[in-house]
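Notes to accompany the following structure.
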Amino acid sequence: MSDTAELTTDPTPDLTKGDTITVEVTRPAHGGEGIAHHGGRVIFVRGGFPGDDVDVEITQVKKRFARGFVVQVNVASPHRVDSRCPAAAAGAGCCDYAELSPEAELEIKSRVLTDQLQRIGGLADIPTPELFELEPSQGWRTRVRLGVDASGRAGFRKLRSNDLVTDVACSQVVPELIDGLVGPGARTFTPDSEVIAAIDDRGVRTVVEVRKAPRGRRAETILHVLEGDGSVEQTVGDHTWTFPVSGFWQAHTKAPGAYSAFIGEVLDGAELVDVDKRGPVAWDLYGGVGLFVPVINRALGAHVHSVELSEGSAEAGDDALAGLPVTFHAGRVESVTSQLPKPHVVVLDPPRTGAGSDVVATIAGAKPQLVVHIGCDPATFARDVADWSAGGYTLDRLAVFNAFPATHHYETIGVFTRKSA
């Protein structure tokens with residue numbers, strides 16, 4: 001069920017691209033837009049928040065919906081504030097919630113998730129989301145990818161554009177992360193490349209030029225190491241990982257610890273059955289460097305099979321977690337899992353595109369007693385939830401982490417158990 005399905009009248013035909021209309025935004029939509037109505041159409045309003053009365057320039061017109069962006073705020077939503085991000089104020093697409101009150105942000109994100117679970121996930125009975133704010137709300141990003149223009153200047157991409165904002169910084173970023181990389185007097189780079197910069201838990205900055213990763217992949221190809229040795233060190237609990245700066249790691253400095261703590265609390269309460277003398281088996285899918293392996297092992301005493309497409313990430317995890325009962329497998333989840341022992345518990349953290357029907361069906365076919373599913377896109381997460389339901393699983397708990405403050409993005413963790421026969 002889409003947002004346009006709620007219309008009961010035929011849209012008027014006179015709306016065209018470039019028109020300016022006045023609308024009231026009534027609720028949030030997935031993707032950071034607000035929803036309004038005009039002439040029988042749903043209007044998706046970029047830059048609009050619930051309660052806004054705004055003038056909108058139309059950029060796209062379809063039969064039952066249109067899209068546009070705010071050109072003037074006539075009556076401001078009570079949730080609207082002055083922009084919290086200089087780069088976003090200059091047109092960058094980094095912080096699309098920069099003008100949304102921090103106090104309203106997580107509640108609006110929760111509303112969007114619930115809506116997606118109803119419309120796409122087909123759920124009528126949704127657990128009340130457990131909401132987690134991650135602090136700080138500014139200066140939280142310790143790794144960033146920058147575009148580079150034809151003259152070699154690095155900056156933040158404008159919304160749905162290859163153009164860059166090169167003169168001011170984004171408020172997400174730890175200030176010292178981009179000192180000398182963005183803004184007046186910054187160094188230049190290879191034109192039309194991309195730059196990854198990261199500050200790790202040692203306080204060491206690494207800067208590399210990369211070739212952009214293919215869609216759906218987490219790792220870039222490093223072309224030049226410009227600062228540091230091309231690797232980063234990250235520590236959670238008693239374990240330290242060393243891996244290439246282009247490898248995947250959570251963006252918010254507090255996210256790894258927060259997710260690990262929640263997963264640990266879930267698994268601590270698990271009552272597993274049919275466990276033989278060798279102990280339980282757990283799958284850690286899309287596991288990266290094995291961030292969640294220690295907490296899985298600590299909570300369950302399980303042997304963990306961690307599956308990750310990137311061979312470099314799997315090797316980094318193997319090095320960091322030597323001595324723990326874990327086996328790393330480099331390969332595609334859908335290929336490797338058929339060779340693994342049946343799991344009692346599965347933790348999976350798929351990319352933004354989601355796990356997909358085939359992977360969910362494969363996992364469900366292995367009949368784990370408990371599944372912890374991490375999602376960073378509410379629409380694909382909701383689609384996966386529908387597949388879990390079809391595979392015989394019930395969504396018992398739902399957590400929302402505001403891990404990307406001032407943006408429409410957030411992290412969701414769903415806890416699933418097998419339905420009773």
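Including glycine, each Cβ sits where the backbone N, Cα and C put it.
In Swiss-Prot this protein carries:
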- 14-72: domain 'TRAM' (DOMAIN)
- Gln250, Tyr286, Glu308, Asp349: S-adenosyl-L-methionine binding site (BINDING)
- Cys376: active site, nucleophile (ACT_SITE)
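Taking the features listed in Swiss-Prot, we show where each one sits on the structure.
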| residue | record | Cβ contacts under 8 Å, 6 or more apart |
| --- | --- | --- |
| Gln250 | S-adenosyl-L-methionine binding site | Pro256, Tyr259, Leu291, Ala403 |
| Tyr286 | S-adenosyl-L-methionine binding site | Val307, Glu308, Leu309, Val333, Leu348, Asp349, Pro350, Pro351, Ala355 |
| Cys376 | active site, nucleophile | Pro351, Arg352, His409, Tyr410, Glu411, Thr412 |
Which residue among the binding-site residues Glu308, Asp349 has the fewest other Cβ atoms within 10 Å of its Cβ, if you could check?
Asp349
Would you work out the biggest C-alpha to C-alpha distance among Gln250, Tyr286, Glu308, Asp349, the residues that bind S-adenosyl-L-methionine according to the record, and give it in angstrom as a whole number?
15
